[in-house]
Amino acid sequence: MPELPEVETTRQGIAPHCEGQTIQRVIVRNPSLRWPVPADLAEHLEGKTIRAVERRAKYLFLHLETGSVIVHLGMSGSLRVITDDSPAMTHDHVELVLGNHRRLRFNDPRRFGCWLWTTDWNRHPLISALGPEPLSEDFNGAWLFRLSRQKQTPVKSFIMDNHVVVGVGNIYANEALFKAGIHPKRKAGRISLDRYHKLAEAIRETLSAAILMGGTTLRDFVNSDGKPGYFAQSLLVYGKAGAPCTECNTPLKEIRMNNRSTVYCPRCQR
């Protein structure tokens, strides 16, 4: 599933081609996504100019003068900017024809993504209750410490909660906890402020590095020009169960938490 770095990579890729462009035509080949594509989407978009392409958590927004399109990539979705004469591919469900002879195409084999229309994106039910962005000034160790008091939740589950902080998916939670030296099953309420400062910094460092490398491609994700991300080559623990820890050479262990793979060093992470 595309996580925050993959979605941010997509935003950076499509924004230069979309911002300031007029949407000449909307093509919906298959409206049956996670939620049905609005039947009147073309009425809202055609003839309108894309003022900005922004990201909030794992959602992308195409902001127009009258409202915004909310796009989620789901499990396997991607947005690509292509030349005007490129034929449509299988699973190209939604397409915007732009005034610069480019097309923005949404491809989603599993159809868990979405295209929605809203006139007030900040108050949309999908957005309004989200926690802070992990790369923003609002997110720090003090924030994690304050929200974690009395929490019996494992810290890995805690930082993956979008009400606490957005965009820390399974891969990046594994990596950040390793860098911070914190065991993924340690109770969130039993972690000190100092250790939360280290964890917040590890989350920022991990996500920033992943964005610079175009995200992590393990199966489905490709960016806006159809190329994979390369952060998988820099992973320290995720997918490396049994390999020696890069810090102490102890074999890394794998457990399941909430039915997700969790890899950690039993010596370095406490």
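Each residue, glycine too, has its Cβ placed from N, Cα and C.
Features of the protein shown, as given by Swiss-Prot:
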- Pro2: active site, schiff-base intermediate with DNA (ACT_SITE)
- Glu3: active site, proton donor (ACT_SITE)
- Lys58: active site, proton donor (ACT_SITE)
- His91, Arg110, Lys151: DNA binding site (BINDING)
- 236-270: zinc finger (ZN_FING)
- Arg260: active site, proton donor (ACT_SITE)
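Annotated features, which come from Swiss-Prot, shown on the structure.
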residue	record	DSSP (3 states)
Pro2	active site, schiff-base intermediate with DNA	coil
Lys58	active site, proton donor	coil
His91	DNA binding site	coil
Arg110	DNA binding site	coil
Lys151	DNA binding site	coil
Arg260	active site, proton donor	strand
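A distance of 28 Å separates the Cα atom of the residue listed as 'active site, schiff-base intermediate with DNA' from that of Lys151 (DNA binding site). Note on proximity: of the recorded positions Lys58, His91, Arg110, Lys151, Arg260, the one nearest Glu3 (active site, proton donor) is Lys58, by Cα distance. Of the residues the record lists as binding DNA, namely His91, Arg110, Lys151, the two whose Cα atoms sit farthest apart are 43 Å from each other. Other C-beta atoms found within 10 angstroms of the C-beta of Lys58 (active site, proton donor) number 21, with every protein chain shown included. On the backbone, the CA of Arg260 (active site, proton donor) and the CA of Lys58 (active site, proton donor) stand 19 Å apart. Comparing CA positions across the binding-site residues His91, Arg110, Lys151, the one lying closest to Lys58 (active site, proton donor) turns out to be Arg110. Neighbour list (Arg110 (DNA binding site), Cβ cut-off 8 Å, at least 6 residues apart, same chain): Gly74, Met75, Ser76, Gly77.
For Lys151 (DNA binding site), the same-chain residues that are 6 or more apart in sequence and have a Cβ closer than 8 Å to its Cβ are Phe158, Lys187, Ala188, Gly189.
Taken together, the residues in the zinc finger (236-270) have a mean pLDDT of 98 on the 0 to 100 scale.
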